[in-house]
Amino acid sequence: MTDQENNNNISSNPFAALFGSLADAKQFAAIQKEQLKQQSDELPASPDDSDNSVSESLDEFDYSVSEISRSFRTHQEMCEQLNINHMIQRIFLITLDNSDPSLKSGNGIPSRCVYLEEMAVELEDQDWLDMSNVEQAIFARLLLQDPGNHLISMTSSTTLNLSADRDAGERHIFCYLYSCFQRAKEEITKVPENLLPFAVQCRNLTVSNTRTVLLTPEIYVDQNIHEQLVDLMLEAIQGAHFEDVTEFLEEVIEALLLDEEVRTFPEVMIPVFDILLSRIKDLELCQILLYAYLDILLYFTRQKDMAKVFLEYIQPKDPSNGQMYQKTLLGVILNISCLLKTPGVVENHGFFLNPSRSSPQEIKVQEANIHQFMAQFHEKIYQMLKNLLQLSPETKHCILFWLGNCLHANAGRTKIWANQMPEIFFQMYASDAFFLNLGAALLKLCQPFCKPRSSRLLTFNPTYCVLKDLNDEERKIKSVHMRGLDKETCLIPAVQEPTFPQSYNLVTENLALTEYTLYLGFHRLHDQMVKINQNLHRLQVAWRDAQQSSSPAADNLREQFERLMTIYLSTKTAMTEPQMLQNCLNLQVSMAVLLVQLAIGNEGSQPIELSFPLPDGYSSLAYVPEFFADNLGDFLIFLRRFAEDILETSADSLEHVLHFITIFTGSIERMKNPHLRAKLAEVLEAVMPHLDQTPSPLVSSVFHRKRVFCNFPYAPQLAEALIKVFVDIEFTGDPHQFEQKFNYRRPMYPILRYMWGTDCYRESIKYLSKIKIQQIEKDRGEWESLTPEARREKEAGLQMFGQLARFHNIMSNETIGTLSFLTSEIKSLFVHPFLAERIISMLNYFLQHLVGPKMGALKVKDFSEFDFKPQQLVSDICTIYLNLGDEENFCATVPKDGRSYSPTLFAQTVRVLKKINKPGNMIVAFSNLAERIKSLADLQQQEEETYADACDEFLDPIMSTLMSDPVVLPSSRVTVDRSTIARHLLSDQTDPFNRSPLTMDQIRPNTELKEKIQRWLAERKQQKEQPE
């Protein structure tokens, strides 16, 4: 029979399908040849088996059909064993057969395998693998230190196959077992049904051996198993087959949880987190590798068992030390940022180096690039937190517990001393980057309910913030994980203990956590930004001056400027990532809605329309910490300074902010802290359209904000609120805190130009006199004789006075300009006796320095350098006088200003008006007013002479003037005139005689003395009228 016929017979045999190929059938026959000869006498022929014979295909081996048929069952088993051997070789790339490859068919077997020589010797004649010895074979393969040295060719092909060598000789056993798992999965989809159980068993063996490897890694020489696990996951993420790896890991984790006798599951997995920690801490924000590691952690936070280990792993050694949280794995991630790692040290900082050598466009491109990475980074952190919150009640409790403890341990970040002692600060608390990133992630968690009309928003329960004295178990039951909030000052004092619910929802916890995080992080960074900005301006001026004078300090100043500019750009970039800002604005607008609803007594889940007058129910505000409102204001002020385009693109939501400002600015019942209410004026100034700014394509327009303001339905109530807070400023703090009061009033001026309202303000420009003296000394050369140190001190003093003078002059320009504007329409408020005295005193004091004998003291080299505009001031003051001059009471009050008024003061003012070319009608009107006031002054002089001999009982003890409305002070029991004590209390809320606290409602009229004074006055008047 020819070879062709022989092959045809094989192919027609129904049992040929048991073999992988014709060559395999021949090989099988060769293996059986000797066995059949030995057994031919013992195995009788069976006619039933003849139909299934394969003898026709084996003529060349001299076998008959009957001989093959008699041993069918044996043959079938052998065929199956042969296929199992091949399958094991394909899955595990190992073999016991090192025979000549030319004798092997090459069909169905891998091209390269690791030859297990020791095991082959041990098994002697058996050169195939089966299910009884495969586990031993796998173990032997895993113990090989260099499997690449044991590779053999399984086929006669001479083609170089590097991938086959790499796969079979894989040295890293964890990666090897994963590859075996993948090959086993593939086999399961391909093998015949009779081999399927064996393929599944092989797959299970990869899992069980991986479990063994993880439980006893010490027995595998030079194998860092946990490093391999991390590297495998890293490679899978980068190669887009991560799901395959996680499928494998899921089964391994399940197997590990079933066998914790040798090592517990956390003990097995903690080394993995150690590796991630050591690798991540050295990565930068803009390194792609960072995001692959974050994806690994994202998987771990989705996998319930790994998530538990992760949460256990990130617990700090000392929970009361805020800085320790930064050293945990989650803390290390949160610390990654474009901010400086070591404050003030720009060396080795990867961002914005040598900014003066970069064009604005290059800086903008770098900023945009960082923002892209930041957005991705914040999304990863958010997903991690979200996974842990949603995975199970246990993981939710653990991550909230961690966050609550972390914020409590870092509460000291807000203390004043913390900013003044940075070296101690950074040993005690987590970094600014930590809180900025945490805040960004928490903001994302809040977005589902950060919509003005969200019903979920109003489920926030403020009593959460005043709970105290809870143990850990109670916190878990009630879902209260924040600590120490009960020590925070609330918007108003509580009059009664609130009713606490059984537990709190996640909206309440999220809002409280997020707001406090922003308070600890964003708020502090904003303060730093402002200071950096101021220092940059100061350095720039000093650098320019040094260059002009060819000072050797110029280079040093330039270096300082470069370093500070790097810090500024890094900080600004970190704080202005667009999505974070938008999320924060969404939160703050929602907070404005929430606080307004609480302020009008709404305790339901649906918002109530705002209407005036406001209802009385607002007790819930007693449980809302002040920093909720402070954050809102601080963020909007930040946007105005550093990211104004966000305000314009979100203008429609600003109406809710206006509602908040309208209600709280003028309502001491709803917001007790006058400093906080005064700050709301700055918030209003921040969100209002600034129509005087220079148009620029890079600066957003104000069209949308203008529309919101023009259509605001509660403009009258907003103006009234501003008036109230303006008055309250006079009752705030120490009477000598001029700078603070300047800051409070400054934002009100542009607001009052834009919306009707009113205010008055007093300030001093005496600093100009000090500048004048120092400039004279400098010009005369008197400074040249000073030592360098003394000269520097003088220069610094001059610069300081110049800054102060510029600051005060801006305030004076704004104050007087606003008053001249307002008094054209509003008069009654300004002619009130208490207020009129203060306004007149201020105006006369100005005139005395602007047109009187002291005017020379205010002449400096360059008025514009200090924003000093004397001509405009004189004109505005005269306008105020003319606006209010029709009021008899006001005119009569002018001469009573004994400090600055004199009969010649107004005459000198007329002379200056002519000199600065003011209109003739204005000059004539002011001259007439001056004559009228002089007449009233003469009349008052005559009256004072008439009453000059009044007894001391009738005289005010402070002013030594005759009292018209005597009142008794409750503490000191001293009698003073009502106008005197009222004026005193505007700036100092104490009894002037014993410094006891005092308010106007505590004083009592001295009716008896008043009647005595009136009788005496009547008698004196009668005596004067009688002819001598």
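Heads up, the Cβ atoms here are built off N, Cα and C, so glycines get one too.
In Swiss-Prot this protein carries:
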{"type": "REGION", "residues": "33-57", "note": "region 'Disordered'"}
{"type": "MOD_RES", "residues": "Lys386", "note": "N6-acetyllysine"}
{"type": "DOMAIN", "residues": "949-1023", "note": "domain 'U-box'"}
The residue listed as 'N6-acetyllysine' CB neighbourhood, other CB atoms within 10 A: 17
Secondary-structure category, per DSSP, in which Lys386 (N6-acetyllysine) falls: helix
Number of helical, extended and coil residues in the domain 'U-box' (949-1023), per DSSP: 31 helix, 12 strand, 32 coil
For the domain 'U-box' (949-1023), the mean pLDDT of the predicted model: 82
